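**Student:** Provided herewith is a single structure, encoded as structure tokens, for subsequent inquiry.
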Number of protein chains: 2
Amino acid sequence: MDTRTGLPVVGMVGGGQLARMTHQAAIALGQSLRVLSESPDDSAALVAADVRIGTHTDLAALREFAKGCDAVTFDHEHVPTEHIATLAAEGVKIYPGADAILYAQDKQQMRERLSALGAPVPRWRPVTSVEDITAFAAEQEAAGQGWPVVAKAVRGGYDGRGVWMLDGPGAAAELVATGTALIVEERVPLRRELAALVARSPFGQVAAYPVVETVQQNGICVEVLAPAPGLSEALAVEAQQLAIDLANALGVVGLLAVELFETEAGIVVNELAMRPHNSGHWTIEGARTSQFEQHLRAVLDYPMGETSLTAPAVVMANVLGGEPGGMSIDERLHHLFAADPGARVHLYGKQVRPGRKIGHVTVLGDDMTAVRARAVRAARWLQEGKE
Amino acid sequence: MDTRTGLPVVGMVGGGQLARMTHQAAIALGQSLRVLSESPDDSAALVAADVRIGTHTDLAALREFAKGCDAVTFDHEHVPTEHIATLAAEGVKIYPGADAILYAQDKQQMRERLSALGAPVPRWRPVTSVEDITAFAAEQEAAGQGWPVVAKAVRGGYDGRGVWMLDGPGAAAELVATGTALIVEERVPLRRELAALVARSPFGQVAAYPVVETVQQNGICVEVLAPAPGLSEALAVEAQQLAIDLANALGVVGLLAVELFETEAGIVVNELAMRPHNSGHWTIEGARTSQFEQHLRAVLDYPMGETSLTAPAVVMANVLGGEPGGMSIDERLHHLFAADPGARVHLYGKQVRPGRKIGHVTVLGDDMTAVRARAVRAARWLQEGKE
């Protein structure tokens with residue numbers, strides 16, 4: 001409790017853009033987010049009043065950080081579960097808990113648990129050798145697929161890193177030689193990717209957002225379309241129910257983003273994330289309650305906010321850092337504002353590096369095709385300094 | 001320019017809730033608002049990363065504050081115009097300029113200038129004695145009105161302070177005896193109050209928001225209805241055009257809020273404000289671009305953002321501090337969230353004192369009557385801890 005305001009203090013471990021946008025939401029709730037940041041120049045550290053410098057693997061730093069926090073949560077999934085469990089045992093309200101976040105940290109545990117729960121997952125296998133992978137490919141072949149197979153690092157992947165398409169035993173051998181703990185999966189014959197976002201409170205209330213389509217390039221999410229165009233009501237409800245069931249079964253507190261493949265046969269779970277998620281940035285303007293406020297409400301056990309859309313069509317496009325040179329980001333912003341006065345811009349205060357997510361743009365309107373074209377154009381302006 | 005981000009630095013003089021909400025808008029634009037605050041516990045100082053402690057009447061503090069700012073602006077109108085002029089002469093981009101903000105600081109200068117511009121104003125008179133006031137009342141009597149007359153402090157009034165209804169020479173004598181510089185005005189026979197909000201950039205671009213109705217109690221704005229219900233298109237355009245003309249004529253850079261009386265005969269200017277304004281808080285969720293972002297865009301000479309409504313009916317209700325005792329503000333927030341998951345809450349982190357503005361609630365929907373009832377109920381929950 002902040003004695004100056006009579007309102008709670010939430011601590012977020014990690015100083016990236018997710019903490020930055022959570023701070024914006026905290027301000028509206030009368031709070032000021034406490035941030036544990038690696039560096040004073042991190043995205044959230046540039047804008048938050050209560051910044052502590054430290055690293056998420058340091059238990060002493062986490063313990064010190066948690067003092068005086070009504071709840072502690074995360075802007076990433078890299079805090080060791082043993083530290084989370086230790087703090088929880090010491091009385092810190094830390095969400096999501098170690099038993100839940102494990103499934104966002106470890107793809108093998110996640111696949112095992114989801115299989116046990118009967119959730120739809122791709123055919124998969126933990127592997128430790130080239131022989132394991134080749135055997136899996138042979139089984140795939142029998143099922144009509146064969147090489148390439150998808151290999152994933154059990155831990156630490158994001159934004160396309162930690163995922164490989166193996167086209168044969170040679171590539172498998174190379175990857176196995178790195179010593180990375182791996183699982184392999186079938187290449188799911190997907191129509192497109194979807195995401196179902198829910199938030200769950202300790203009280204057990206769950207709120208579900210409309211299901212969205214996510215568009216990926218090189219493993220990085222570049223666009224999110226809300227609601228997912230042409231998705232049947234039945235499949236939308238199925239995806240929402242799946243996310244709700246998983247949040248309950250895994251005991252998630254806070255946000256749970258379920259990344260899904262849509263196939264001819266239905267939906268399949270790709271990944272889980274337990275924090276504000278890129279597939280939910282559109283909610284800042286596009287939903288009645290943003291995912292960032294919802295996450296705060298969840299970890300503080302406030303009742304959940306309304307999740308309905310504020311416009312018939314909402315598109316979020318990520319802004320990736322472009323090649324150096326040319327117009328400055330500030331000049332690009334001038335041009336974009338002149339070209340599209342209705343585009344909603346979010347810049348993260350990050351140094352521009354090629355391919356790095358440095359911001360996003362959201363456009364709202366009545367027609368998905370028109371809205372999408374505007375969002376893509378706006379993101380391209382900021383990314384490349386031209387249309 | 002912030003060398004860490006390549007984006008501009010705006011300094012805002014004053015650490016109240018307007019600076020607090022401007023910081024939220026700055027974060028989206030990749031910036032971090034620099035705040036000159038009287039105390040580290042001020043509303044904006046609790047949440048901003050770059051807070052300097054100092055007072056707005058101290059030229060040396062203002063000069064130091066302005067160093068490294070791409071633009072300097074204000075969360076209130078109390079900075080002495082001579083300081084603003086001095087900083088401008090020294091090369092600081094400080095908006096609105098001394099020649100403009102004068103008309104938001106000094107009601108006599110404002111009335112004289114508006115009269116000279118031919119803008120609709122109430123009958124008014126500068127007064128220095130009881131005789132002046134009695135003579136004005138006699139003229140009013142001849143026009144069919146007589147006592148009471150409205151007296152206003154030339155400088156320093158806000159939220160109903162600095163405004164008096166004088167019911168006769170006795171009250172006039174008492175007020176004159178305080179030595180306050182005064183003007184008197186007719187009691188305008190008003191239907192209701194309106195506000196027209198525009199933003200103007202140094203380039204000269206002006207963007208106008210939909211005209212709203214403001215509902216006052218004891219001189220304090222308690223509700224804002226957007227758009228003003230039942231306002232004719234002709235009168236709405238007239239009010240917007242008036243605000244645009246005034247922004248141009250006075251050379252305002254940033255926001256200009258024109259508070260208006262609607263009478264049988266048309267609109268009459270009540271007050272001017274040159275900063276984010278309570279009558280514009282609804283724009284955070286209710287307009288495509290919030291007034292706070294618009295103000296930043298204006299003082300940085302970015303192109304203006306779209307001002308259209310995001311829903312057919314938007315109502316903002318202020319939350320005033322209630323009597324001490326009963327439920328804590330945090331408990332009240334729990335109850336409100338349970339009662340209305342769609343209400344958008346903004347708390348300012350201020351100590352609760354009876355009658356003090358400590359936050360606001362915004363509700364959006366299709367039907368103004370229903371939306372208004374929800375907003376009033378939500379504000380009452382936070383204010384009184386009950387419906």
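Each residue, glycine too, has its Cβ placed from N, Cα and C.
Okay, so TrEMBL annotates it like this:
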BINDING   A:K107, A:K152, A:E185, A:E186, A:R187, A:V188, A:E193, A:N270, A:E271  ATP binding site
DOMAIN    A:111-300  domain 'ATP-grasp'
**Student:** Using a 10 Å radius around its CB, how many other CB atoms surround A:E193 (ATP binding site)?
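**Tutor:** Counting Cβ neighbours of A:E193 (ATP binding site) within 10 Å gives 20.
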**Student:** Can you count the other CB atoms that lie within 10 A of the CB of A:R187 (ATP binding site)?
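**Tutor:** I count 15 other Cβ atoms within 10 Å of it.
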**Student:** What count of other C-beta atoms do you get within 10 angstroms of the C-beta of A:E185 (ATP binding site), across all chains shown?
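**Tutor:** Taking all protein chains shown, A:E185 (ATP binding site) has 21 Cβ neighbours within 10 Å.
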**Student:** To what whole number does the mean pLDDT across the domain 'ATP-grasp' (A:111-300) round?
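**Tutor:** Here the predicted model's pLDDT, averaged over the domain 'ATP-grasp' (A:111-300), is 95.
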**Student:** Mind giving me a neighbour count for A:K107 (ATP binding site)? Other Cβ atoms within 10 Å of its Cβ, every protein chain shown.
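**Tutor:** That number is 25.
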**Student:** How big is the ATP site in terms of the longest C-alpha to C-alpha distance among A:K107, A:K152, A:E185, A:E186, A:R187, A:V188, A:E193, A:N270, A:E271, in angstrom?
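**Tutor:** Taking every pair among A:K107, A:K152, A:E185, A:E186, A:R187, A:V188, A:E193, A:N270, A:E271, the longest Cα gap is 18 Å.
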**Student:** Taking the Cβ of A:E271 (ATP binding site) as the centre, how many other Cβ atoms fall within a 10 Å radius?
**Tutor:** 17
**Student:** Check the DSSP secondary structure of A:K107 (ATP binding site), expressed as helix, strand or coil.
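**Tutor:** Looking at the DSSP assignment, A:K107 (ATP binding site) belongs to a helix.
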